[in-house]
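Undergrad: Taken from Swiss-Prot, the feature substrate binding site covers Thr66, Asp141, Glu201, Lys231, Asp235, and the record attributes it to sequence analysis. Look at Swiss-Prot and you will find 202-204, Asn236, 265-270, Glu288, Asn323, 344-346, Asn389 tagged as NAD(+) binding site, backed by sequence analysis.
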Amino acid sequence: MTQPVARDTAGTFSDYCISDISLAAWGRKEMIIAETEMPGLMAIREEYAATRPLQGARIAGSLHMTIQTAMLIETLVALGAEVRWASCNIFSTQDHAAAAIAAAGIPVFAYKGESLEEYWEFTHRIFEWHDGGTPNMILDDGGDATLLLHLGSDAEKDPSVIANPTCEEEQYLFASIKKRLAEKPGWYSKTAAAIKGVTEETTTGVHRLYQMHEKGKLKFPAINVNDSVTKSKFDNIYGCRESLVDGIKRATDVMIAGKVAVICGYGEVGKGCAQAMRGLQAQVWVTEIDPICALQAAMEGYRVVTMEYAADKADIFVTTTGNINVITHDHMKAMRHNAIVCNIGHFDNEIEVAALKQYQWENIKPQVDHIIFPDSKRIILLAEGRLVNLGCATGHPSYVMSSSFANQTLAQIELFCNPGKYPVGVYMLPKELDEKVARLQLKTLGAMLTELTDEQAAYIGVPKNGPYKSAHYRY
């Protein structure tokens, strides 16, 4: 690993920790391709380049270090921000993307296959400016950067909150916090106090924010980017529809047609995954707790079952829920020989991976493992239960990430430039900005929008140029 310091003795930038800086040229070439596929993000970069609304922003970023994220990072920098970045998943980094960002002089701490100890070390590093200052904004995916400051601040007052880890992830998180508390007492509360706000990318991270706010523990305002329509209805559905199959195919080379595929959860992500499997002619079954989502699945022609029913009958299992222990040890013991098990929700605890540690693991290739049970039956676990589309492939296509990252950029501008507008709480981007992102994305698709006449706008009671739907409208 390349060890990070602010500058080496020759004055060369080296404030990064990545796999291989020599991959930078490759990463830059892929970024050039991605640029043409990210019209919304590029249009926002062009619109705000002259005014640089993020001048003075210091953004601590925790989001998958991919080629598309590299385009987001450079957009934030072009708009005036200083940025330090880490990946929000130990397997999701594209090493050539990280190298391209490091070569551009932007601090980045990420490589594919980090240990959990390194993961939390890198998350700490995004908060450490070399002039001794702190960030004033967070851009988060899954909520780990936000969690770190909140849990660390709590531990400063009551060390018992990090005394009893319940899983391997918490063991390393708690250990990293204890280390920081010993080295720099008061660091967490000082750092949290400087944060103007956080913008959150995912369903899982948004749930964390709402939970903290309901308990009165949220320390700074947050914008829920995930539930912007041009994020959740596009990234979550259409992104997963393409990247799930990409991950499974790269990992296993399995023929999907004719297989029984179980999609655990039928939210936006589950809907996209079910469409993907159906498109390749799998028999798609869905598990759901919510009767409304279950009814939607049934009306789309999917069979709605329970995991207990499906465990010994299906060939491919995909968790999409954001919940814990959706696929349990007992479910996996019941599965067929060579059943494929994977997750496309944010954390690895949707599958009870910890219970599999008692068995023999045979690594087939990176992020593909055979779990060998005592009766010699094997199941194929992808990405150790972490995000299959990023662990075994390269994540969502650039075009759909343009929409998501356009929202992230606008949310960062909104929070940073209007601090008095947002007391502590969780907010949505205005509908006008949601529609703006959609307009920008449409330009490269050859789409022609119909325009309301004055008479039509008056008749349905909406502004002629939008927004066209109420806040509670369900697209």
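Keep in mind that glycine also has a Cβ here, set from the backbone N, Cα and C atoms.
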Undergrad: Quick one: of Thr66, Asp141, Asp235, which binding-site residues lie within 10 angstroms of Thr204 (NAD(+) binding site), measuring between C-alpha atoms? Sequence order, please.
TA: Asp141
Undergrad: Including all protein chains displayed, how many Cβ atoms other than that of Thr202 (NAD(+) binding site) lie within 10 Å of its Cβ?
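TA: Within a 10 Å radius of the Cβ of Thr202 (NAD(+) binding site) lie 26 other Cβ atoms.
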Undergrad: Given the binding-site residues Val269, Glu288, Ile344, His346, state which is nearest to Asp141 (substrate binding site) when distance is taken between Cα atoms.
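TA: Going through Val269, Glu288, Ile344, His346 one by one, the Cα closest to that of Asp141 (substrate binding site) is His346.
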Undergrad: Tell me the Cβ neighbour count for Val269 (NAD(+) binding site), meaning other Cβ atoms within 10 Å of its Cβ, over all protein chains shown.
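TA: If we count other Cβ atoms within 10 Å of Val269 (NAD(+) binding site), we arrive at 28.
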Undergrad: What Cα-Cα separation, expressed in whole Å, is found between His346 (NAD(+) binding site) and Thr66 (substrate binding site)?
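TA: Just about 16 Å between their Cα atoms.
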Undergrad: In this structure, which of the binding-site residues Gly265, Gly267 has the fewest other Cβ atoms within 10 Å of its Cβ?
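TA: If we count Cβ atoms within 10 Å for the binding-site residues Gly265, Gly267, the smallest count is at Gly267.
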Undergrad: What residues, ordered by sequence, lie under 8 A Cβ-to-Cβ from Thr66 (substrate binding site) and sit at least six positions away in the same chain?
TA: Ser92, Thr93, Gln94, Ala97, Leu390, Thr394, Gly395, Met401
Undergrad: If you count, for each of the binding-site residues Lys231, His346, the other Cβ atoms lying within 10 Å of its Cβ, which residue has the minimum?
TA: His346
Undergrad: Work through the binding-site residues one by one (Glu201, Lys231, Asp235) and name whichever has its CA nearest to the CA of Ile344 (NAD(+) binding site).
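TA: It is Asp235, whose Cα lies nearest.
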Undergrad: Can you figure out which of Gly265, Gly267, Val269, Glu288 (the binding-site residues) comes closest in space to Glu201 (substrate binding site), comparing Cα atoms?
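TA: Result: the closest of the binding-site residues to Glu201 (substrate binding site) is Val269.
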Undergrad: Sort His346 (NAD(+) binding site) into helix, strand or coil using the DSSP assignment.
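TA: Coil, per DSSP.
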Undergrad: In Å, how large is the greatest distance between any two Cα atoms among Thr66, Asp141, Glu201, Lys231, Asp235, the listed binders of substrate?
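TA: Taking every pair among Thr66, Asp141, Glu201, Lys231, Asp235, the longest Cα gap is 17 Å.
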Undergrad: Tell me the coarse DSSP state (helix, strand, coil) of Glu201 (substrate binding site).
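TA: Where Glu201 (substrate binding site) sits, the three-state DSSP reduction gives coil.
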Undergrad: If H, G and I count as helix, E and B as strand, and all else as coil, what does DSSP give for Lys231 (substrate binding site)?
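TA: SS state of Lys231 (substrate binding site) = helix.
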Undergrad: What is the total of other Cβ atoms whose distance to the Cβ of Ile344 (NAD(+) binding site) is within 10 Å?
TA: 31
Undergrad: Looking only at Cβ atoms, how many others are within 10 Å of the one on Glu201 (substrate binding site)?
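TA: Excluding its own Cβ, Glu201 (substrate binding site) sees 27 Cβ atoms within 10 Å.
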